[in-house]
Amino acid sequence: MPALINPVKFMRPLSHRTKIVATIGPASSSVEVIRQMVDAGMNVARLNFSHGSYEDHATMVRLLRSVEQEMDTPITLLQDLQGPKIRIGQLPGGEKQLREGEKVSLVPVEIGDRHPGAVGIDYPHLATEAKVGERILLDDGLLEMKVVSIQDPEVICEVVTGGILKSRKGVNLPGLVLTLPSMTTKDKQDLEFGLSQGIDWVSLSFVRKGEDIHTLKQFLAERGHPDLPVIAKIEKPQAIDNLEEIVAVSNGIMVARGDLGVEVNPEKVPRLQKEIIRRCNVRAIPVITATQMLDSMIQNSRPTRAEASDVANAILDGTDAVMLSGESAVGQYPVKSVQMLRKIAEETEVGLHLVNNPPIENTETHALSEALVVIDGILDLKYIVTFTTSGFTSLLASNQRPSVPVIAFTPSEKVYHSLNLVWGIIPFLINEEFDTFEDLIQQAEVLLRDRKMVEKGDQLLIMAGIPTKIPRGTNFLKIHRIS
């Protein structure tokens, strides 16, 4: 028999099944804070390419990979592309007071210097696409204006809700279908850079239709990365209208509640969140719930009760992961924020019995994933164990939300990192030096015993496709007792 499986890396046993995504920023850019966040439960590091230089991001990637090696546990890198985000230009002095009832002129930033007193906006087609009476929302909807007249290139607005408008704040035009590309020139340049840094997932902002994801995947394929998993961020009304086609072609979905709540009104977001998560669960693709999960912890060391309930409800809805944005990027308590997400997840998952998701295809793999549910309900299992080259077997096992963690043995470093985003999965990166499938099981048992993850008498449910060295769907299910 060949030497025991040599695990290059493995993830430490989970105390929480719901994965934690943390945005990296000034508050979390030191080695010590990253270590503490990983210890606290961070699984995925989000790199927000709306901010920061390439030098900043390259430094963070090196830091994250070094901590990953040092702590011998995966840190998945998620590159979040800015997408066609419309923003206010630079304002004199950096800000402008908007008063209710005041008239404000919006002009393209390129000609702002020819219109003293006007506010520049980096969308040149506003005057030709806007309509009188349309709402224009600024700074995540905190400020609101209404279009009262159009004198190309100026759009004259009346301030409905005033306040301080700062440079580079976001602009939302909820009533308009805009002629924007799905990927901007900046996105393409940023993604080229991300690929050179070895990112594990990429998310595209302001997706409107399935074709947007096809465009991104074609871009990746042309650059030799056809298998890099892609997340579609759902934050536009058009995305809700085209949700089924977007979910069908994406590898994952993010419920981006910030812009979504501005575009469709906040009272609709809870229902939409549940529907988006349900669609993802049916398709067996991972879903992240994001934005303002613990927003008050940017300033405070404890969340509000409503925030704790919000996180718990996302988990009960069936989300794979919950995400921190400003809390971990610029907040005063990045480590405590991760700890709090973990604690809420642990408490919510106690006795959690999610509705099992029906198979979507009549295949051996889907049939076996259904059988997994029955066996899990009868036997006292320690783990579900999957052997996978593509990650699909592990995804299906996780999607059934079993009562025990799913261990995913894979020889692919890409799959190892991508599965680290998925609910309940503990990924192991192994080599392929084995003769028979029985050898593989035996060696996997030794590996788990060495890490004190199993003991004599524990039962494992093993899912795999055999022969293991031939790519194919899952066709094998075995109950294995630790000897």
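Placed from the backbone N, Cα and C atoms, the Cβ positions cover glycine too.
The annotation substrate binding site is assigned in Swiss-Prot to Arg46, Gly258, Asp259, Thr291. Arg46 (substrate binding site) falls within a strand segment according to DSSP.
Positions annotated as K(+) binding site by Swiss-Prot, on the basis of similarity to another entry: Asn48, Ser50, Asp80.
For Asn48, Phe49, Ser50, His51, Arg87, Lys169, the entry in Swiss-Prot reads ATP binding site. Contacts of Lys169 (ATP binding site) defined by a Cβ separation under 8 A and a same-chain sequence distance of 6+ are given as Arg87, Ile88, Leu138, Asp139, in order along the sequence. In the three-state DSSP assignment, the secondary structure recorded for Lys169 (ATP binding site) is coil.
Taken from Swiss-Prot, the feature site 'Transition state stabilizer' applies to Lys233. In the three-state DSSP reading, Lys233 (site 'Transition state stabilizer') counts as strand. Taking a C-beta cut-off of under 8 angstroms and a sequence separation of 6 or more, Lys233 (site 'Transition state stabilizer') has the following same-chain neighbours: Asp80, Gly83, Ser203, Leu204, Ser205, Phe206, Val207, Ile253, Met254, Ala256.
All protein chains considered, the CB of Glu235 (Mg(2+) binding site) has 26 other CB atoms within 10 Å. Among the features that Swiss-Prot reports, Mg(2+) binding site is placed at Glu235, Asp259, with the record citing similarity to another entry.
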Binding-site residues compared (Asp80, Asp259) - highest count of Cβ atoms within 10 Å: Asp80
C-beta crowding around Asn48 (K(+) binding site), within 10 angstroms: 19
Between Thr291 (substrate binding site) and His51 (ATP binding site), the C-alpha gap once rounded to whole angstrom: 17
C-alpha spacing of Asp259 (substrate binding site) relative to Ser50 (K(+) binding site), in angstrom: 14
Cα-to-Cα gap, Asp259 (substrate binding site) vs Asn48 (K(+) binding site), nearest whole Å: 15
Assigned element (helix, strand, coil) containing Gly258 (substrate binding site), judged by DSSP: helix
Spatial separation of Glu235 (Mg(2+) binding site) from Gly258 (substrate binding site) - C-alpha basis, Å: 8
Candidate with the highest Cβ count within 10 Å, taken from the binding-site residues Arg46, His51, Arg87: Arg46
